[in-house]
Every structure is written in C-alpha cells, then in structure tokens.
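Only one structure is covered here, and it is reproduced in the block below.
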Amino acid sequence: MRKSVVAIVGRPNVGKSTIFNRLVGERISIVEDIPGVTRDRIYAQAEWLNHTFNLIDTGGIELGDEPLLVQMREQAEVAINEADVIIFLVNGKEGITAADEEVTKLLYKSNKPIVLGVNKIDNPEMRETIYEYYSLGFGEPFPISGSHGLGLGDLLDKVVSYFPERNDGEKDEDTIYFSLIGRPNVGKSSLVNAFLNEERVIVSEIEGTTRDAIDTHLHRDGQDYVITDTAGMRKRGKVYESTEKYSVLRALKAIENSDVVLVLIDAETGIIEQDKKIAGYAHEAGRAVVIVVNKWDTVESNEKAMKEFETKIRAHFQFLDYAPIVFLSAKTKKRLHTLIPAINLASENHAKRVPTNVLNDVIMDALAMNPTPTVKGKRLKVLYVTQVAVKPPSFVVFVNDPELMHFSYQRFLENKIRDAFGFEGTPIKIFARRRG
Ligand code: GDP
Ligand code: GDP
C-alpha cells in the first residue's frame, strides 16, 4: 500500500538536487502559495515507467553549522532510515574522494539496495572513466548527466527493479488509516500512547515493515484502525530530527499513508508558522483532517478559552475551515474521548458519495438564487454536476466555458455543496469541464 521511497545521498556538489529536480519535474503546489511555505523541496513524488515513488534529496537537510562530515553522516542516516532504495551519487569529473569513501562506509552498514550513479558524465567519451567506481563495491556504476538528462533511464530501471511487487489491493476499505503530524514536542508520541492505553482500544498487531515504519492495527467499538508511520515518534535523538526539513519529510510520509491526518497543535506554546506549513501539506494531499489542540491541561479549560483558541485557529488555518477541532490532553487523558468520534466523522465524509440527482437539485436551486457571473459580457452557464471520486470527494461541473469559472465561484459552489451535504473534516475538489 505504501509508495516506495528512494533517497539520493552523496557529498555536496555532486548534483543531488539537480537530479532530484529532473526526476521530480515541475509540480505546482497549492501549499507553496501559502505565505511562508518554503519553495525548495526535499521530498516529492516522481514517476518512472508505471512506478510512482517518493524521492528524497537528503542534501536539502541542512544542519546549521555542523561540520561537513557530521552533515553527510546524518544525511546518509536519513537515507538509510527512510528509503527502500538509495541512489549514491558521486562526481565523475573528480574521481573518488575521501568524502565519498566516508559515505560508502556508512552505506555498507545498511542493508538497503544501493544504486551507484556517476554524475557529470556529460559526453560519451567520459564513460570510459567510470570503471574506477566499481571499487566502491556497489556493483555496476551508472554514468549519468543530471544537467543534460543523460543515462537516467538506465539508473531508474535499476532503482525500480528493487521495488517490492505491487500490493495495492492490500488496503482494507473498512479500516480507517490515520496518522499524527505536528512539529517536534507537540505530543504526538504521548497521544499515541494515551490512545493505545485507553481501555476500549484493543491493539491487535504492531507491524514493522522494511521501511522502518510501524503500522499499529487496532480495534475499537467494532471499527478497525491503523495508525501508520509512527516511527518518527520513536526518539532516535539524531541531530537531523530537530531540523525543520526533516519534520516536514516525516509529516509528508505519514500523510501519504493515511486517510485521516491529525494535525497537532500545542496549546501551551500556541500556533507557529511551522504548524501552518505542516497542516498545509495534509490539505494539499486531499486527506481528511482533524485539528487536535493538545496540552489542554496547561490552559484554564473552559468554554470561553476554547472559543478563543478556536477563533485563532480559524484565522491561521483558513484553508482548513472544514476541519473539526478537538481539545484534549495526552498527559491527563482529559477529553481524550472526543478524538475518535472526530476521526470517524472525518473518515466517513472523506469517503462519502452523494447521489447525482440530489446534487443537481442543490446546485440548480443555488443557481436560481444567485445568477452566475459574467466575464467580458459572457455568462457562465452551469449545466450539470457529478461526483467523480471519493477520498477526497471530487466533483466535476460541466459548464459552457471553464475560463468563466473563477476561484470565487468555485468557492461558492463548494459552500453550497457543504451546506447541503456536510463533508465536515474533508477537503473537496471541484473541477470545471467544458460541455457544449
Ligand atoms: P548537490 O550539492 O549534490 O545537490 O549538487 P547540485 O545539484 O547543487 O549541483 C552542484 C553543481 O554541479 C551545480 O553547479 C550543477 O549545475 C552542477 N551539475 C549537476 N549535474 C551536473 C552534470 O551532470 N554535469 C555537469 N557538468 N554539472 C552538473
Ligand atoms: P512529539 O515530539 O510530538 O512526539 O512529543 P512528545 O509526545 O514526545 O511530547 C513532548 C513533551 O510534551 C513531553 O515532555 C510530554 O510529556 C509533553 N506532553 C505531551 N502531551 C502533553 C499534554 O497533554 N500536556 C502536557 N502538559 N504535556 C504534554
């Protein structure tokens, strides 16, 4: 069910980010339009043949002023911990350096498959030099040129040959897959523990996978759940774990594997920019979202305080206006019982399908009350609406001209759909298509 993860490692300047960008290509992200969200990504989806996988550029995890050697070691650790396959990149123009040998030593200790890419082989004559790289002990070296896009196909063929057989059918439709995301110390592991120790939860199985992620299967009141990817909550105490890029990477990986994402906020310290970014990724991925305000024991808990905190959240997380908010304390377990109903609700709405005829009645009523906009004298005509997908619920609106359907009108239709059908806890998507 999980997508394979590929990480690129190597000393600085060998071309990691060049290769990353080439393999990922241009992908437009809504999150990146949210102010403050960084543009340079280190984790993104890539495709090769019929494989979709996630790619990590470990070079993007910067560790402040740590010495180069420490940085490289930490980056290699990230690759070893997170990836299914590692691309080890060296610079074909410079030969094997002491720093390459340092990385080599670390990679020997991992039991992950490693594909050796010799970069900057910009022309065929240079290919003869690659034999020297056999001495690194990772088998056949693949000559590539990141800047010219050469040799990447052969390299990727080798990479995908290590992917496990597809097991897409494995995910059980009746099970709710959820995960917790949030910046370090918001209480993710405390909340998982509090939850697992709750009386009504029966933990059936904890599965380690090759990916160093843990899926915990549990059962409560007739419903099966899987908490995915709690590995990030196990404290490894590594330097890189405190970096922001790494926590984003963690969050993205957790999001990938769940239907419902709990976005944790720390009531004690309040909302910070990083919370917004992390939450933005859950929204962008189209997952159901529940906002959990943890450490509610640290504030004076009453209705007024809750209302005030909710107002703050709504102001900061406008793009998550559909997400229910739960206030609780992982430490004292106060209000912990409010969490599961919110997860169930979000999950149900995420998978909800509405009948086409009812949907069209709702939209046509809305249109009757609110004339469609005109652009340069041309009026938008809405002909028909249909739900085309779930998780998240997605709608196609057939119109005379998609250009006439502006964001604000889309928003209007979304609100009408929400008013009529709920959809609390889930984003919904609306696409305009031309129909004559
Ligand atoms: P990173 O530090 O490993 O991420 O390396 P970068 O991707 O930032 O690349 C370092 C430098 O090498 C940049 O100036 C790139 O333009 C250059 N570079 C990357 N790939 C190639 C290549 O295939 N051939 C050549 N000649 N230069 C490259
Ligand atoms: P993580 O990094 O998000 O997994 O956070 P942890 O679960 O490790 O918690 C970080 C710190 O916050 C620890 O010292 C916890 O004891 C504390 N903590 C977690 N939940 C609560 C809570 O509900 N109330 C209070 N007062 N402290 C909490």
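The backbone N, Cα and C atoms fix where each Cβ goes, glycine too.
As annotated by TrEMBL, GTP 1 binding site applies to 10-17, 57-61, 119-122. DSSP classifies K16 (GTP 1 binding site) as helix under the three-state reduction.
The number of other Cβ atoms within 10 Å of the Cβ belonging to K188 (GTP 2 binding site), over all protein chains shown, comes to 24. According to TrEMBL, the feature GTP 2 binding site maps to 182-189, 229-233, 294-297.
Annotated domain 'EngA-type G' per TrEMBL: 4-167 (among others), in sequence order. Per-residue pLDDT, averaged over the domain 'EngA-type G' (4-167), rounds to 86.
For 176-351 (among others), the entry in TrEMBL reads domain 'EngA-type G'.
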Winner by Cβ contact number (other Cβ atoms within 10 Å) across the binding-site residues N13, T58, N185: T58
Cβ-Cβ distance under 8 Å to K16 (GTP 1 binding site), same chain, at least six residues away: I8, V9, G10, D57, T58, G59, L89
Helix, strand or coil at I121 (GTP 1 binding site) [DSSP, three-state]: coil
Sparsest Cβ surroundings (other CB atoms within 10 Å) among the binding-site residues I61, I121: I61
Sequence-ordered binding-site residues from G10, K16, T58, I61, N185, W296 with Cβ under 6 Å of an atom of ligand 2: N185
